Every structure is written in C-alpha cells, then in structure tokens.
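According to Swiss-Prot, the feature GTP binding site maps to Asp18, His19, Gly20, Lys21, Ser22, Thr23, Asn135, Lys136, Ile137, Asp138, an assignment based on sequence analysis. Annotation source Swiss-Prot lists domain 'tr-type G' at 6-188.
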Amino acid sequence: MSNQLEHIRNFSIIAHIDHGKSTIADRFIHLCGGLTDREMAAQVLDSMDLERERGITIKAQSVTLNYLSDDGQTYQLNFIDTPGHVDFSYEVSRSLAACEGALLVVDASQGVEAQTVANCYTAIEQGLEVLPVLNKIDLPAADPERVVDEIEEIIGIEAHDAVHASAKSGVGIKETLEEIVRKIPAPEGDLDAPLKALIIDSWFDNYLGVVSLVRVIDGKISKKIKMKIMSTKEEYVVDEVGIFTPKRTPRDSLSAGEVGYVIAGIKDIDGAPVGDTITISGNESAPLPGFKPVQPRVFAGLFPISSEDFEDLREALRKLRLNDAALHFEPESSDALGFGFRCGFLGMLHMEIIQERLEREYNLDLITTAPTVIYEVLTKKGDLLSIDNPSSLPDPSLIEEIREPIIQANILVPNEYVGAVMKLCLEKRGVQKDMQYVGNQVSIHYEMPLNEVVLDFFDRLKSTSRGYASMEYDFKRFQADDLVKLEFLVNSEPVDALAIIVHKATAVQRGKALIEKLRKIIPRQMFDVAIQAAIGAKIIGRTNVKALRKNVTAKCYGGDVSRKKKLLQKQKEGKKRMKSIGSVELPQEAFLAVLSTSEED
C-alpha cells in the first residue's frame, strides 16, 4: 500500500438518527473486504448494545479500508463515524475536523432534518467537500426529487448529481465509493514536519489503558517515541499504533494524513481529551485550533434506592467516566434521599443513556431527581456563584439577580405544524428571532431559556408536530430574569429533592399544578398528609392527602354509645401522636412529577 498522501481519503458520514448511516458503513466494510461474512455483525460500528438498540451512534469510531478503484489504483479510505445527536455536537465537530470530506446521507422518504443541517454547516465551515447521498430510494414513500430540492434550498449545496442508494439492498454503494475517491480531496500534510496529531476520540480499555483515535496532520507517530499531550503537558511513551479494519491491527507507524489509534499507557481519559493535539516531546509544534474542554449543561441527582449501593454507584460512575469525558459527578447528600451523586451531562439524551447504562450494565436501582441547568447568581456583595442544584441557592435576601442560560434553537418543521410549534415555544418563554420558508418546511430560530427546554420540550415538540419537527440548539449566554425557588413541603418538612427554580410569572400556577400531582401520587397514610408549595416563607398552595379510616367501632354491635365514643377518642389520639412522629415515604414518581410541566397531565 503506497503511503503517498494522494492515495488517502478521509471522510465521515453526516446523517440524522435512523437515516441509514451505520448500514452504509457496514456495506463499505463488506465491499472492501474488511471483515468476512461471518464476522459482519449488523452495524459493526455501533459496538455498545445501547447504541444498536436506540439506533444511535454515541462515540466516534473509525475504519480504514483499502479500496481498489475503477481507475486501477488502490486507495486507503479512512471512515470516521460520527454521533448524530445534538448532545454530542462537540464530538461531531472533532470527527469532522479530521476529514477532508463528508457524505451527507439523507433518507429519500423523510427529507432533511435540523440535526443534519447543523452538522452539515459545521462541515462546510471547516472547508469539507460535502457529497449528498439519497438513501432508502427503494422505499415506496421515497421522493428523491423533493429531497434534492430540500437539500439545495436548506443547505445550499448542489445535489442534482447525488448518488441514489439503498444501503439495505446494496444499491449505489460502489458508486458512492467512486464519488469519494473522485471528489474528496486528498489530505494535505508534511511527512517531514514535527508530529502533529488530532485526538478524535478516546476510550478506556481494561487491558490497554486509554486508546485514542487520532488523525495525523503532520509528521509521523511510531512505537517507542515519547509523545506529549498539548493541553495537559503530560508526556507518554507510545506502546502501540495501528488502524482499525474494523479489527484492531497494529502497524509500525502512522504518517501524515492517516487515521488510526495510539496506545500510550495513559491511565485515565482526562489524559487524552477529545480535540487535543499530540506532538513529539522536545520538538513541539503549535496546537491545532478548536480545542475546548467539554462543559456539562444539564445536572441531576442520582441516588441509589438502597443506601448500601452507594459505593457501587460511585464505582459504576467512575467506570463510565473512563469512557465519557463529558460526564461529571460529585457526592451529594439529600435529607429526603440520603447519599448520592450530583451528575453533569451534555443534555437530556446523554442523561438518559448514562442512567440506562447504570441500571442495565451495573444492576443499580436509582432514583433520579428532576434535571436542572447551571444558573449564575450575583449576590449583593458582588460575588458571582454558579449554582447547579436548586437546594444550594442562597437566601433570597442575599441575591441581587439570578441569571439563566439562554440557548439559540433552530427548529425545522413542516408548514402545517408551524402554529402549534410557535405556540409551544411561546409557552416556554421563547423569543422568535428569524423565520424562513423553504419548500414545504419552515426554519424557525428562537432564543429560549435552557431550563424550559430540559424538562419536556423535546417530547412535546415531537407530539405537537406528529414527530416531524426536528431541532438543534447551542448555548448563547447567561441572562438575568425574575426567577424564584419553588419549594415543596410534605407534612411541614421541606423536601429538598423536589425544589425547582422557576420564573416568577408561572411560579404559582406551577406550584399548584404540582401539589395536585403529588396528592395523587403520595400513598394515603393513617393520618392526614399536608402538601404545600412555598416561595421563600410564603405558602402559595396547599392540599391534603386524606387519611385512611380504620373502622374501630366495627366490633361493637348494639350496646352503649359511650363505648363507641371511647374507641373513636382513642383512635383520634393515636392518629395525633402518629402525625407528629410519622414519616411519609415518597415514591419515585413524586420526583418525576416535577419533570412534566404541561397542564394536560
């Protein structure tokens, strides 16, 4: 295999969830003989069970294939798989930075989705050659002409000569590979310059330590050299380099333009942050632009149902953290739920995936509190605090202002659902910035508070648009607003895990709706349970869970009324005593009640 740069093609695939990206990748591997028929597990690249089950790609993967083109030359194709979901957009931008081109795979029956548009713009901004591919053209609902027009109007790239393919039946796969060889430029790089390599992804292997997927920009990386990670300034000796075919295949070295893996005995994933630059120790080059540490945006408390699982939960989070630099966690204790962890996530999908993996892979039973976002709190003394837990908000008398994170959302929705979607955005305190009609789709830009989005916005967006609307968002700024802490008291005891930060205008309405919900969820006791909603010291709503009544007079038939009175009096005193010392167990549903904010529930 000649290692000249002109015979290398680095590309990734941009596609919405379920538009057939992983299937196309499998076809490429099959066609280029990367695996035997027996080894072809459906969706080779989605190696996590959860990835296959949800049909999404979470971590970036890569494959190096040798392809014999129609022009008689053999090309080395490096395919870097990217995650498609909005929570993982930083991982996408790093995967794209390692490529010279991208395939834009669009489902011919469904058309363009907001997520695809966002990733496609990232690719175009980074100067990649984008090749459109219409997949699933054999479906009865496929409408290639409409989709071609959508691609040209919404994304603005020429799509009339797009390859028509069906990954399932293998149609158009060879043509797609020919397009890659013909249209995607070869990588530029200097084989003799000092080493410069981009870390596309890192994951932890129990035997090897951290394995990093890298794209070599200049120079070459080989075994036994001493490499340096730019952001941490740490140095390591390289133990092994190689490529994935998709099996791990060691090589002597990787040169400029190539994509492969590096193992250097790094013990934890923070040692090789995604997007960082690797150079040779003592002969450093300037770091590559665009690296930024990952910031969690959504926070939630995870508590084990039985307190003896606390250490197991810590261990499980530590193991997940090895593979997921975006996951943050620190111990937290709650009066209502005992000991647990405050965890930070990239977004809601990320949170669900972590929670599901903890329960599935580590057999833990967990209670999750309502997710919140980070707020900036300016105190009267002029200190600026970052608060990710409503229960740690300072006393209202000490607060000058509370600032909430504002996001810029881009929503793509078919014409007929625009009204419903705009109504939903208004309800979520969104401010419309821009609106464009494109064919039969509308692209709407809104600025809205992130805390309104993390609760149930995605679910409601899907239900108001019958599943057709899609959205992507990015963080804009912190902005001061009139926010208050809404607390809930059960039996006059505040339950810290139920506290939420809400806008003052909707606080009373939210408080009343939630105590009604709690009333239905909290099981009846032998005594009345009072549920109250409060802002500071002011109670804004109250309801009761009625006591169960035990018929103590059932054993008296006929006879003296004073006997019955005595028994009822005794029961009354017992209930009074019980009420003063009785505690109320809150079921998991009570903590989830805070999540859904819509009135119709």
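Cβ atoms are placed via backbone N, Cα and C, with glycine included.
For Ser22 (GTP binding site), the Cβ neighbour count at a 10 Å cut-off comes to 25, with all displayed protein chains included. For Ile137 (GTP binding site), the same-chain residues 6+ apart in sequence whose C-beta sits under 8 angstroms from its C-beta are Ala108, Pro144, His164, Ala165, Ser166, Val171, Gly172. Of all Cβ atoms in the shown protein chains, 30 besides its own fall within 10 Å of the Cβ of Asn135 (GTP binding site).
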